[in-house]
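Okay, so here's the structure we're looking at.
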Amino acid sequence: MSLLAAFATIMATVSYEGNTASGSARQHNGNVYNYNTYNYNLRQRRSDETLRPEGLNEALLKASAEGQTKRVEHLLRLGAEPDHVDASEPGMSALHQASISGFVDTVEALLALNVDVNTNSEVYGSPLCLAAIKGRSQVVEALLDARADPNAPGGHLGSPLHAACYNNDVALVGMLVERGANVTAVRKIVNSTVAKLISIDVPDRWIFAQPLYVAVSMGHLEVVRFLIERNANCCATHDVWEPEDEESNGVSEAELTARKEQHHTGISALMAAAAIGHVGIFTHLVNCGAEVYAQDSFDYGIIGFAAKGGASQCLQLALELTPKSVAKTASIEAAVYFAASNGHVDLLRLLRDDGHDMDAMSWEMTPLYAAYVLFEGRPQLKVDPRDEDGETPLMLAASEGHLDFIIALLNKDADIDKSNDQGETALMLAAGQGRNDCVNLLIESGAKLNATDDDGWTALRHAIEDQAQTCVESLLEAGAKVNIRDQEGKTILMAAAAEDNATILSALVEEGANIKATTKETGETALMVAAANNCTRNVEILLEADVEIMTANIDGDTALHYAAIHGSTESLKAILERIPVEQRLSSPKKWLDKKNKNSMSALAEAVKEGHVDCIEALAKAGADLNTRVSSIPLTAWATGMRCKIEVIEKLIELGASASTLGMKLSTIAKAGKHIDLAEALQRREQAKKEEKQKDKKSGGLFSRFKR
């Protein structure tokens, strides 16, 4: 190994990254064993000794987070405040940082120097809370040994015990309970804060709950068992609240807590178990005496929550535990709604087979009606009722991707080609949402491939708009037409050209899409559309298919103009490379310098829009830098139009004339009252003049020397 490689290897072992173990630190069961002796050398010590008080405090927080124990001790000796908190991380002290990172030796060093073990952050609670939620059991033990309060305020994390329940670690939970943590304490938890710390996907809500609710919602059966053995109340209810924007409107936390009392939801641990479909926790809670018939403020009950979570086994158990005489109509209606909305036909059949009276329900919502028509013994019901948008149950099922629903509805002779108020069919809706399984099923069932909606879009056009490549392939394979125009006269190829998906565009070209087609009103081509959107690969595919490069729209703009106007440099270069050099040189006015109806070449358009890269590309290809716009030389026109100084300087740098009609550009700018540009041009002209004088002087001296 070379000396340089050896040095790199040594340095790699002393790196740390924020709140995770790295380098030679090793993580196990949430604890970090810092085997690396941080190389706190003399130079770094001297550097720290020059820090001001605020610098010492910042260094202390960083060193604590990175497990630099020797540096922590030295910084404290230098006068760093042991209980200083980070302004950017609300209330985070050095002990918080070391605890969340899990560096046990750093935590112990801080505790030995008498830092406040119960220092509190309004957001993250005490250091014990952070250690608990990250599963740092050795740090938790060290903090408890230093008399950390097991029931300390937990900020957004509830309490240390609430935080520990997010981990499936009975020993950690048990350690806190043995030290006096209250298993029935109701605390506030803010999901968004929890999600940042342990990377879980949860709705942005506030929860007012006991630790048991946390363990249930996380699906930790062994922790649930332990808490109930230690007298957790399995019948307690919990509140889930969405404060909306009230936090940002200056409302105090005390006021928010008071308002929470008006939003009592009363969700039980059993309902939470039903919602996540955890049969083991559900049955254990029932066996421990959880109230089966309890109702929340939504009237979902365990039946509704099981259906909401798509949990068929828990729904089956809930139906068995709840006699029809006891089950509320609202709970059954909620269950039907959730099952129908999420396409769970198996749950709907469970509800049907349980024999609940469906006639008492309201069926205004399409999902409910879609569910209703599946029930046996209702021949009088229509299969294709429309909602307020004109959508039928089949359309809803196709849009949401509920394959079983589609099969069931088609078996009841639902109209496969019926359209909504926008003229969209079930096939269009499925294609527009990328539901390829549904697209294939509808095609096999005879759906019209080339039907159009009110905008003239086919299912293929909808699939392209959604970039649903597999749907595009399925529709093309089934024979969908590729040259149908929409109400604006655009072809399907033009729509694909605007999207950065070369595979779809290539498939359309291979299927015979007309690459020369133009829109009726504007004369746009697919190449122009691709160039405007800088879809370079699309431009290349069309060029490879021998598309006409210099076709102009009704305003005389070519694809070169489109690329120059929109600053699509790569697409511009692709088009330029396709024009043979001899044609560029022999007939520039037909190619590079072709003008539109406003007497503008592609270069002039790039100058007007300020696209310097496009200007350089066109100049390199041979575009006329002194072209005229309405008989005015380009640089003079650009100056009069108040173009950016960097654009005019680039033109002159590339070889365009710096004056015109005997007038300096600065004079033209001043006449147009473009003062900033005039001054910039004057400085440039003065610099040029001084440079010439300098060259002249140096030339004269050299000539005398020669003589």
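Using the three backbone atoms N, Cα and C, a Cβ is placed for every residue, glycine included.
As recorded in TrEMBL, the features of this protein are as follows:
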- 682-698: compositional bias 'Basic and acidic residues' (COMPBIAS)
- 682-707: region 'Disordered' (REGION)
- 90-122: repeat 'ANK' (REPEAT)
- 156-188: repeat 'ANK' (REPEAT)
- 211-239: repeat 'ANK' (REPEAT)
- 265-297: repeat 'ANK' (REPEAT)
- 389-421: repeat 'ANK' (REPEAT)
- 422-454: repeat 'ANK' (REPEAT)
- 455-487: repeat 'ANK' (REPEAT)
- 488-520: repeat 'ANK' (REPEAT)
- 555-578: repeat 'ANK' (REPEAT)
- 598-630: repeat 'ANK' (REPEAT)
- 1-16: signal peptide (SIGNAL)
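Sequence-distant residue pairs (6 or more apart) of the repeat 'ANK' (156-188) and the repeat 'ANK' (90-122) include fewer than 3 whose Cβ atoms are under 8 Å, leaving the two stretches without contact. Long-range contacts of the repeat 'ANK' (422-454) within the same chain: residues 390, 392, 394-395, 397-401, 403, 406-407, 410, 416, 460, 462-463, 465-468, 470-471, 474-475, 478-481, 484, 486-487, each at least 6 residues beyond the stretch ends and with a Cβ under 8 Å from a Cβ of the stretch. Highest Cβ pair count under 8 Å relative to the repeat 'ANK' (265-297), across stretches 211-239, 488-520, 598-630: 211-239. Sequence-remote contacts of a segment are chain residues at least 6 beyond its ends whose Cβ falls under 8 Å from one of its Cβ atoms, and for the repeat 'ANK' (598-630) they are 555-556, 558, 560-561, 563-569, 572-573, 576, 579, 584-585, 588, 592, 637-638, 641, 643-644, 646-647, 650-651, 654-657. Beyond the ends of the repeat 'ANK' (488-520), by six or more residues, the same chain brings 456, 458, 460-461, 464-465, 467, 469, 472-473, 476, 482, 526-527, 529-530, 532-533, 535, 537-538, 541-542, 545-548, 551, 553 to within a C-beta distance below 8 angstroms of the stretch.
Counting only same-chain residues 6+ beyond the ends of the repeat 'ANK' (211-239), those with a CB under 8 A from a CB of the stretch are 158-159, 161-162, 164-170, 173-174, 177, 183-186, 189, 260, 263-270, 272-273, 276, 278, 280-281, 284-285, 288-291, 294, 296. Here the repeat 'ANK' (389-421) has, by DSSP, the following mix of helix, strand and coil residues: 17 helix, 0 strand, 16 coil.
Residue counts for the repeat 'ANK' (156-188) under DSSP, split into helix (H, G, I), strand (E, B) and coil, are 14 helix, 3 strand, 16 coil.
With DSSP states grouped into helix (H, G, I), strand (E, B) and coil, the repeat 'ANK' (422-454) comes out at 16 helix, 0 strand, 17 coil. Mean model confidence for the repeat 'ANK' (488-520) is a pLDDT of 96.
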